[in-house]
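Engineer: Dumping what Swiss-Prot says about this protein:
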- 116-348: domain 'ATP-grasp' (DOMAIN)
- 146-208, GLU230: ATP binding site (BINDING)
- GLN297, GLU310: Mg(2+) binding site (BINDING)
Amino acid sequence: MIPKEEIMGIFEKYNKDEVTIVTVGSHTSLHILKGAKLEGFSTAVITTKDRAIPYKRFGVADKFIYVDQFSDISKEEIQQQLRDMNAIIVPHGSFIAYCGLDNVEDTFKVPMFGNRAILRWEAERDLEGQLLGGSGLRIPKKYGGPDEIDGPVMVKFPGARGGRGYFPCSSVEEFWRKIDEFKAKGVLTEDDVSKAHIEEYVVGANYCIHYFYSPLKDQVELMGIDRRYESSIDGLVRVPAKDQLELDIDPSYVITGNFPVVIRESLLPQVFDMGDKLVAKAKEEVNPGMLGPFCLQSLCNENLELVVFEMSARVDGGTNTFMNGSPYSCLYTGEPLSMGQRIAKEIKLALELDMIDKVIS
């Protein structure tokens, strides 16, 4: 892990009046960049030339850093270019996937918003389970391997893969049949299979809850809630049951979009309690813990109990559903507030208070 002192030494050489907020052109970059501009920051996007159109048309980026391929962002010349523009990187799922988690931890020497040490706790299922379970949150039962399957389960794989390759099954035979099918299609590799994560299939309504923890205010804020729109499962459920059987299509769970939702108000105390517990436990496990945005993906069962099946330890894709504010984020100030602008506000306040060390790593 890059020492915090080394990152702070890099930041001390910056022109503090000309900080540039930067991210990779994908995932949640539109509201990250727009939010930064609304708070008076210069912005830059890292992109390939064929993916630059949205950032030009929407006018969210002041500068463009072009790469031949997104994995080039870990190269030293790109890092130096970022340092030369006094960059603070806002990481999202695509940034981590393209840069590589090992590089983020050990070689990417550009100041980054949030706690880069916690990103591995999201990526590795055992660490994620340790953090969620240790927080006292209700999580699905975990299975040690396919031979233990004794009922409906969901099979997942590590990394930010947007649900690709996930599948439900109910027996060890069905598990291996679907594994073979996905391997034949090139969706899964032997390495993926060795890291398969098998958990109880929880029946309930899906709520992806977006929080922001402010280390400057020591406060957990509810920013918004969304649901995923997934292919092909959301298309298959529109097909009558008898026709589904005839089609004999195994559903996939690839996230293609998101839509905003609100949760019944009587569940909000539970929502805030979950966020508070996770933040407290994260400080114990990987100090300074959750800094800035994070997400708890949950299912609400018929007993009105929220079961957390996954977390994001950085800005989650569902925050795109409230680029102009959510029914919850607007309650804090009465003004529209995106997650991107909330991040920029925290950076701005940290600079004003000379407490930037509290929000970057």
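In case you wondered, yes, glycine gets a Cβ from its N, Cα and C as well.
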Engineer: With an 8 Å cut-off on Cβ-Cβ distance and a minimum sequence separation of at least 6, pull the same-chain contacts of LYS178 (ATP binding site), or say none.
Structural biologist: VAL155, PHE167, CYS169, ASP250
Engineer: For GLU310 (Mg(2+) binding site), which residues in the same chain are close in space, meaning a Cβ under 8 Å from its Cβ, but six or more apart along the sequence?
Structural biologist: GLU128, LYS156, LEU296, GLN297
Engineer: When DSSP states are folded down to helix, strand and coil, where does VAL202 (ATP binding site) land?
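Structural biologist: Coil, per DSSP.
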Engineer: Tell me which of the binding-site residues MET154, VAL202 sits in the most Cβ-dense spot, judged by other Cβ atoms within 10 Å.
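Structural biologist: Sorting the candidates by Cβ neighbours within 10 Å, the top entry is VAL202.
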Engineer: By a 10 A CB contact count over all chains shown, which of the binding-site residues listed here is most packed: SER170, SER194, GLN297?
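Structural biologist: Sorting the candidates by Cβ neighbours within 10 Å, the top entry is GLN297.
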Engineer: Which site among PRO146, GLY186 has the most other CB atoms no more than 10 Å from its CB, taking these as binding-site residues?
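Structural biologist: Checking each of PRO146, GLY186, the winner is PRO146.
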